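K.L.:
What follows is a single structure, and I will ask about it in a moment.
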Amino acid sequence: MALTHNLGFPRIGVKRELKKALEAYWAGQSTEAELIETGRQLRERHWAIQQAAGNAFVTVGDFAWYDHILEWSTTLGVVPPRFNHPKNAPVDLDTLFRMARGRAPSGEPAAACEMTKWFDTNYHYIVPELAADQQFYLARSSLFDQVAQAQASGYKVKPVIPGPLTYLWLSKGESFSSVEDERKLALVPQLLQVYKQVLTRLAELGVQWVQVDESALVLDLPPAWQDVYRQVYAELATTPVKILLATYFGDVADNMELVSSLAVAGVHLDLVRGPQQLARVLPGWPADRVLSAGIISGRDVWRTDLDQAAALLGPALAQLGEQLWLAPASSLLHVPVDLAEETQLDEEIKSWLSFAVQKLDELSLLAATLNGAVTDAQDAALARQRAALSDRKVSRRIHNPAVIERVAAAASVARERTPFAERIVKQREALGLPDFPTTTIGSFPQTPEIRKVRRDWKAGALSDTKYEEAIRQEIREVVRFQEEAGLDVLVHGEPERNDMVEYFGELLAGFAFTQNGWVQSYGSRCVKPPIIYGDVARLIPMTVEWTAFAQSLTDKPMKGMLTGPVTVLQWSFVRDDQPRQATCLQLALALRDEVQDLEKAGIRVIQIDEPAFREGLPLRKADWQAYLDWAVDCFRVSTSGVQDTTQIHTHMCYSEFNDIIESIAAMDADVITIETSRSNMELLEAFERFNYPNDIGPGVYDIHSPNVPDREWMIQLMNKAANRLNRKQLWVNPDCGLKTRQWPETRSALIEMVNAAQALRAAV
Ligand code: GLN
Ligand code: ZN
């Protein structure tokens, strides 16, 4: 008999109850007691779901007020000095919120802690900040309180905590030069003492199993870290609980020997991303060690092929019996809560999907199959699942012969443009640009009026004619302002776009949208990723009319604005029945048509945003190049069909460029704009070292702040850039789009920016 369990459940609530409760509390509209009560109810509800799905335990510790790593930092007493936290004192909720957001209903504001992406997901965690002499101590009891809550409700509990080494790996500190800095390891002995206290206390509460998440084990780990893993788990083995060491988001690969050697009672492996791990470990698997098979994806929204899963796990069950556990591959934090909330989704597409609640049901179906204990109801459910999956394999909604044919011929699509040195001369002449040309990244302030226009139109409360006129009016104003300000390359301002991926997804075949498919991004912020379920094709031109209208208002070049194939892919749930790169190529071909149509309509500058380009990097360095190759190729497919005189821009927000600069250059965009103002142009170092030949617009002011940038400051920044690069290469632009800003500061900032560019031109 294989039992089932869960690594973590989405905490935000099916109706985003946690988001609403948090925001009300932060705004002073509700009390701490009310917030705490919402949290209690959400946990109760999520445990009931796990229990109903037949899980052997409910998972406790996956709930977090803001982020589970921040939850753990505050439990370990890791509060940076600027929050003035009294030494060895308990950490309260408002201190946690101040660390996350810089402010809370009580306490002095201070600079918030940094946030960064959780492995290769779109979830962001709060980076722990450690001092060189960091003292750890048990500073919050929330984990124990939640265990007690679950027990009081009659549940058998399996707590989950971040593993000590993954926690250290993800942390930073002024005294550490890098993530893998070995000096961090000096903190291990003291950290271990607190872990022992936690585990002992859990044992006292009657807990038998504790899930310890060590996903750093799917990364490239330096040897020193591997050694410490052995020591740490030998120590933790002396505590009175059984440890289930959980690895997920990938194959542990060359760390497998290490993992197998650790003194733990059980190991969880991600068999969705690393199915080949099973055959590797089974032969030598100790008879008394639990193997938790992560078999249902926690990273996508697709139903699982349960027959295939059962076939994979059959031999494992035969060998391990009760020592085989079944689970989702990772926490379900990264998928929406409940498909049953989707009342408007096409029934056929819906039959292929599975959200957190459904994934736990799939898990229990799989367990019943493997255990040979299928009820009539389960049998019917299995039949439905099989039918849905075989329908998906052939459905005309997914498989579009025209797209398949086009992709097959894509190899012959030319990716090369004339050498940049030749192109740029022609472009400068055709566009009549000065040195230090000025531009913006695309969006202008999205006022409440504009948002309302879009909303009303979508709801059918505003006619097409009225909607179009309102958008045109906005474009007129944006263009008029840019002309007055003296910008060189103008934009239409993107007033018709709610979101840079959703806008395109709605106009492309192969995309579906949910009503409630929310996934936590960070804190109270959620995103609703589109679902790419089928072959992607452009149904109609997507941006040509608006862009051409904007161009008709001015003699200056109007920049067309598209979201790149890699970014659309990264910010969507992507179909799992073909490689990601195949879907990306379909997107690239659709965008290629749009680029060419823009050119035909007289648009001479076209920007393809790729802010998620770096995000797509795989977790293991060995897999980087393959990704970079197809990502660059897709960008080139989109952009290479234009004449020499048409200028291609790309925008990448904030990104680390050092180790991918070759691929950035291989994209061969005529102009790349990046976020650099807060790093004081230091990001340009990679471009300088590489002798990056094409044009660059290093952002000269931070669009996250309402402050109007100082002209002299921008001139200084550009002079720094000119020290690193050729001044002829440089553009002057803000860091990113302006949609979150207000008009008054936007006007002043751009006028100052143009003044700065003029001063730079004058000073030769
Ligand atoms: N063109 C987009 C904008 O200006 C780019 C946004 C982004 O880079 N995230 O809003
Ligand atoms: Zn940006």
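Just so it is clear, glycine is given a Cβ too, placed from its N, Cα and C backbone atoms.
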K.L.:
Looking at TrEMBL, which one out of D307, D338, D609, D623 binds L-methionine in the same site as I441, G442, S443, E494?
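P.N.:
Between D307, D338, D609, D623, TrEMBL records just one in the L-methionine site with I441, G442, S443, E494, namely D609.
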K.L.:
What does TrEMBL list, out of W47, W72, W571, as binding the same 5-methyltetrahydropteroyltri-L-glutamate as R16, E17, L18, K19, K117, N122, R525, C526, E615?
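P.N.:
Candidate listed by TrEMBL for the same site: W571.
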K.L.:
Write down the one residue from C634, C736 that TrEMBL lists together with H651, C653, E675 as binding Zn(2+).
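P.N.:
Given H651, C653, E675 bind Zn(2+) in TrEMBL, the matching entry from C634, C736 is C736.
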K.L.:
Tell me, how many other CB atoms lie within 10 A of the CB of K117 (5-methyltetrahydropteroyltri-L-glutamate binding site), whichever protein chain they belong to?
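P.N.:
Excluding its own Cβ, K117 (5-methyltetrahydropteroyltri-L-glutamate binding site) sees 14 Cβ atoms within 10 Å.
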K.L.:
For the binding-site residues R16, K117, R525, W571, E675, which sit with their CB under 6 angstroms from an atom of ligand 1?
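P.N.:
None, as no Cβ falls under 6 Å.
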K.L.:
Looking at the binding-site residues I441, S443, D609, whose Cα is closest in space to that of K117 (5-methyltetrahydropteroyltri-L-glutamate binding site)?
P.N.:
D609
K.L.:
Which binding-site residues, if any, among R16, G442, S443, R525, W571 have a Cβ under 6 Å from ligand 2, given in order along the chain?
P.N.:
none
K.L.:
May I ask for the distance between G442 (L-methionine binding site) and W571 (5-methyltetrahydropteroyltri-L-glutamate binding site), taken between their Cα atoms and rounded to an integer number of Å?
P.N.:
19
K.L.:
Please give me the recorded positions out of L18, R525, D609, H704 that lie within 10 Å of C653 (Zn(2+) binding site), comparing Cα atoms only.
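P.N.:
Among L18, R525, D609, H704, the ones whose Cα sits within 10 Å of that of C653 (Zn(2+) binding site) are D609.
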K.L.:
Considering the binding-site residues R16, R525, H651, which residue's Cβ sits among the greatest number of other Cβ atoms within 10 Å?
P.N.:
H651
K.L.:
What Cα-Cα separation, expressed in whole Å, is found between E675 (Zn(2+) binding site) and R16 (5-methyltetrahydropteroyltri-L-glutamate binding site)?
P.N.:
32
K.L.:
Measuring Cα to Cα, how many Å separate E494 (L-methionine binding site) from H704 (active site, proton donor)?
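P.N.:
Per the Cα atoms, E494 (L-methionine binding site) and H704 (active site, proton donor) stand 18 Å apart.
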K.L.:
Could you round the CA separation between I441 (L-methionine binding site) and C736 (Zn(2+) binding site) to a whole angstrom and send it over?
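P.N.:
Between the Cα atoms of I441 (L-methionine binding site) and C736 (Zn(2+) binding site), the distance comes to 5 Å.
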